[in-house]
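Novice: Handing you a structure now.
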Amino acid sequence: MPEMKKIHRQHRQHIHWKIEEDEKLRRLAIKYDKRKWKNIAAEMGTRDAKQCRERYFGHLEDGIDKHPLSKEEEALILKFRETGNGWARIAAIVNDTFKTKRTANQVKNNYNQRL
């Protein structure tokens, strides 16, 4: 396993992901079966395990529906948010109900955008 450069969270700058990084991350996620994020980060060399995992599952994984949410999806989100359910749980309910694949972050951002 390649040695990972130490990345200090408090000093890390917000750097946008490059297309080349996304492509490399996709290859590494497949190589490591979407597990072993520390190994993936070590091979990336520029990102930590949490950044790699969040980028993959939040943006790159196959099947994520990136279209705007429907009015029906939004209504369901509002209904379940009133009961205090967490974003991951609400996203799972939306996905099961509408046979789609929305991330918890998509659901949360949509909700906050509508306030």
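From the backbone N, Cα and C atoms, a Cβ is placed for every residue, glycine too.
What TrEMBL records for 9-64 is domain 'HTH myb-type'. Annotated domain 'Myb-like' per TrEMBL: 9-60, 61-115, in sequence order.
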Novice: Count up the helix, strand and coil residues in the domain 'Myb-like' (61-115) according to DSSP, in that order.
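Specialist: Per DSSP, the residues of the domain 'Myb-like' (61-115) fall into 35 helix, 0 strand, 20 coil.
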Novice: Go ahead and report the DSSP secondary structure tallies for the domain 'Myb-like' (9-60): helix first, then strand, then coil.
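Specialist: Each residue of the domain 'Myb-like' (9-60) counted once, the result is 36 helix, 0 strand, 16 coil.
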Novice: What average pLDDT is reported by the model for the domain 'Myb-like' (9-60)?
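Specialist: On average, pLDDT over the domain 'Myb-like' (9-60) sits at 92.
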